[in-house]
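A.B. asks: The structure that follows is given in the form of structure tokens.
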Amino acid sequence: MTSSEATSPLARLGRILAAVSTLSLWLAGIGLVAMTAMVAWQVFCRYVLNDSPSWTEPGAVMLMSWFIFLGAAVGVRENYHLGFDVLLYALPKGGKKWLRMISDVVAFAFGIGMVWYGSELVGLTWNTVLPSLRISGGWDYVPLVAGGVLICLFALERIVLRLAGEPIDDVLDELPPAEVAAELDTANVKA
Amino acid sequence: MEMLILFGTFTLLMLIGTPIAFCLGVASFATVLYLGLPPLVVFQRLNSGMSVFSLLAIPFFIYAGDLMVRGGIAQKIVAFAASLVGHIRGGLGQVNIVTATLFGGISGSAVAEAAAVGGLMIPQMKQRGYGADYAVNVTSMAALIALLLPPSHNMIIYSISAGGKISIADLFTAGILPGLLYAAALMVTAYFVARSRGYPVEAFPGFAAVGRFLLIATPGLLLIAIIFGGVRSGVFTATESSCIAVLYALLVTLFVYRSMSWSDFVHATHGAVRTTAMVLLIIGMAAAFSWLMAFLRVPAALIASMNAVSENPLVILLLINVLMLFLGTFMDMGPTIIICTPIFLPVAMAYGVDPVHFGVIMILNFGIGLNTPPVGAVQFVACAVGKISVWEAMRSIWPFYLAGLVVLGLVTYVPAISLWLPGVFK
Amino acid sequence: QTVLKSSDTHPDGYPTVEAVEYFGELVKERTGGRYAVEVYHSAQLGEEKDTIEQVRSGVIELNRVSMAPFNGTVKESIVPALPYIFRSEEHMHKVMDGAVGDQIKTAFEGAGLVALAFYDAGSRSFYNKTKPINSVADMAGLKFRVIQSDIFVDMVAALGANATPMPYGEVYSSIETGVIDGAENNFPSYDTAKHFEVAKHYSLDQHTILPEVFVMNKAAFDKLTPGDQAIFKQAATDSVAKQRELWAAKDAESRKKVEAAGAQITTPDKQGFIDAMKPVYEKHVTDDVLKKMVADVQAVQ
Ligand code: NA
Ligand code: NA
């Protein structure tokens, strides 16, 4: 890589988005661990303290929607969402590229919807109060908005890279089908 | 027209390879725009479709599975199964199925199971001269045992889709005998295929060795007792049991086997995040899609047209099974359960089928669908591990399909296979 | 013809579903077929929290929901949810048909809704699998599942019992296996959810007599001509009488059914329960509006 490439705005943006994606994945992982702790605490309190906290159930559910939307956005960047790839494998490279382009535009458009209508839902429910958690009901929809922002960013990155002629689709063709990658990572462990 | 937009957009996007989650979401979005409804309802359904406490079982069971594989619990179960049944004809195929059965008792995800058991077994089988297609088909079909044996988060999804009025403990119990029957049918099939192909047997290591391997595998296998015993004795709820599985897997790998490194832990956690985000995003989007189906009164129309075909419960059940097999061919398990339960369960109940029994039928049916292209997550995983194409696997999968369909037929028409055991526990 | 869509979480044939269908028939008849109502029962369109957002944003026009989900939005809805605020169902009818009921109806407009009617949901009582409840002392240490509502959680705590969070769908098996001892509800729910099979001690403590509410999207209501608005309001009022009749029959039928199935119904001394509710009132009846409403309710004879 030459120094001019390394400092090109596109490459710099790519590095920033890579960092955002890694950060999202780590936050999501921490969310999963925290969720485990929360439900375990619920069981512990019921049996040992004989006093169940009423916030663990809604709290764990809210953490779950955070880590799903963060993880789903990372999935757009890493392309691990489950899809029906048969036609893609049958098509020549040029055609494939355009079908993948459509899919990325679809994801981008849906991300816009998540941000727009998610914000509307936050507004609609902002004056309600969630029982037990005692925070605004609008928080239910904040992960939706945040996930939408990230999905837009990551889908847009793929669109821009493809338009700039980057070979992002060639890399995909050599990988196993997207949906398998996540589990294969688990399968390829020390035997 | 609105039906055409809903199903047409979905099919079109799916054909061009758009992720299923976005196919469901965008099809719902387009339909809502056409109907002139406030589009925010699509995003509300997406959000609340996945914000359900009982769905926590999915990330937890997937996480527990990943931790058990990363932390070496699965490998010890394979070693025990190998010592136990390796000497039967097609030995490693039998080992694969017994491992899947034992692992299925502690994991609820067929995809995770195919990755775990396949990752350990398929390379060994290929090395010992088994055809890659045989290894892959045994793995993918045996992985479905995880769906039937408790814990099974798909049964939880079913219970939620049915309005939450079906006992999860009963569903868990009801899946045990069908799961074991299915495992037995696969073992018989694997035996005959292995014999016709002249596959080897392993030497029997002696009862002392079996005992030793069992002892080593016991901390992992104890999870079966903890989950099933814990739910049945009321120590925790079905959802909580999935969280306990995570804690237990961590405990065993960190302190008993001491085989979990920090990087293993991070890998397992990130793997679980990726898989769950993928699965639950589809479930959320499917909630929007099925909201529209309810809004457009699709289930009622379908019930009416089925009633027109026949009034005979046996025929109706056959019809439902064929329809579900067809849908399962094209769709993934979670969303299919969410979409089909409100449609088919009332029909089945109207013909006197017990909802617990129907849940078992549905899970086995859609499970087989996980092994049928074009959308078959378990088959994809097994093929990727075995490094063969889906089409290569398809050439010799038929005896295993037949075994699956025979068991499906038995489970459908002999309710006692599912309902006897829950009755015993009452 | 304009078809208005209405949601209900209860199954087909339930008194609230029937009442809204009756409302629809009246509206259709009195507007000469210009308006009709289609009821989506059995939570087909979602759970109450979700359908409330749908009716507020105009996805659907009508909705029959319980009052508890509004406690965080419409503070006046807290009053009927308070334990032992009503002395009897007749008292509740008088209050909700009177000035306090009108005050609550007006308050719903702040959430973008027109409250058309209040429907009966009977009285809620505790049931458990462990022992018969004859006094507050018997409640000590028992684990109950309650709805996600701060008032209910605090009420259970004030009685010395343990409120355990849990999704409704897991209640049956959790009582069966002993994760919890019981739950609380009216007779028809105790019956249809089959909880009587696993928790046979039903103690008629009647801690709340919480009516349900039938709401309409305010923008949709404002679009009606004044004449049609009057027709809608009258039809809703007429459906209330019908619903109360259906409810009473359903309540009696369910009670008979669970008793025949072996449920043990006890009538505990209510005064002890009423006295134990003081901290709940202190915590939730904080501002002057609510204090005045509570006094008004108590003044209704
Ligand atoms: Na399982
Ligand atoms: Na399939």
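From the backbone N, Cα and C atoms, a Cβ is placed for every residue, glycine too.
Pulled the feature table from TrEMBL, pasting it below:
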- B:7-417: domain 'TRAP C4-dicarboxylate transport system permease DctM subunit' (DOMAIN)
- B:47-65: transmembrane segment (TRANSMEM)
- B:101-122: transmembrane segment (TRANSMEM)
- B:134-151: transmembrane segment (TRANSMEM)
- B:171-194: transmembrane segment (TRANSMEM)
- B:206-229: transmembrane segment (TRANSMEM)
- B:235-257: transmembrane segment (TRANSMEM)
- B:278-302: transmembrane segment (TRANSMEM)
- B:314-331: transmembrane segment (TRANSMEM)
- B:374-393: transmembrane segment (TRANSMEM)
- B:400-421: transmembrane segment (TRANSMEM)
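Relative to the rest of the structure, where do these features sit?
C.D. replies: Sequence-distant contacts of the transmembrane segment (B:47-65), counting only residues of its own chain at least 6 positions beyond either end whose CB sits under 8 Å from a CB of the stretch, comprise 106-109, 112-113, 116, 151, 153, 156-157, 159-160, 164, 168, 238-239, 241-243, 245-246, 248-249, 268-269, 272, 275-276, 279-281, 283-288, 334, 338.
For the transmembrane segment (B:134-151), the residues of the chain that approach it from at least six positions outside its boundaries are 57, 61, 92-93, 96-97, 99-101, 103-114, 117-118, 121-122, 125-126, 172-173, 175-176, 178-180, 182-183, 186, 190, 193-194, 197, 199, 227-228, 231, 238, 241-242, 245, 333, 360, 363-364, 367-368, 370-371, 376, 378-379, 381-383, 385-386, 388, 393, 396-397, 400, 403-404, judged by C-beta separation under 8 angstroms.
Residues 53-54, 56-57, 60-61, 63-64, 67-68, 70-73, 76, 106, 108, 151, 153, 156, 168-169, 172, 219-220, 222-223, 226-227, 229, 264 of the same chain lie 6 or more positions beyond the ends of the transmembrane segment (B:235-257) yet place their CB under 8 Å from a CB of it.
Using a Cβ-Cβ cut-off under 8 Å and counting only residues 6 or more beyond its ends in the same chain, the transmembrane segment (B:400-421) has close neighbours at 137-138, 141, 144, 173-178, 181-182, 185-186, 188-189, 314, 317-318, 321, 353-354, 356-357, 360-361, 364-365, 368, 371.
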A.B. asks: Same chain only, please: residues at least 6 beyond the ends of the transmembrane segment (B:206-229) with a C-beta under 8 Å from a C-beta of the stretch. Say none if there are none.
C.D. replies: 68, 73-74, 76-77, 79-80, 82-84, 102, 105-106, 150-151, 172, 235, 241, 244-245, 248-249, 252, 256-257
A.B. asks: List, by number or range, the same-chain residues at least 6 past the transmembrane segment (B:101-122) whose CB is under 8 A from its CB atoms?
C.D. replies: 57, 61-62, 64-66, 68-69, 74-75, 77-78, 80-81, 92, 95, 132, 135-136, 139-140, 142-154, 179-180, 183, 217, 220-221, 223-224, 227-228, 242, 245, 275, 333, 367, 370, 377-378, 381-382, 385-386
A.B. asks: If I take every residue in the domain 'TRAP C4-dicarboxylate transport system permease DctM subunit' (B:7-417) and average their pLDDT values, what number comes out?
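C.D. replies: When the pLDDT values over the domain 'TRAP C4-dicarboxylate transport system permease DctM subunit' (B:7-417) are averaged, the result is 84.
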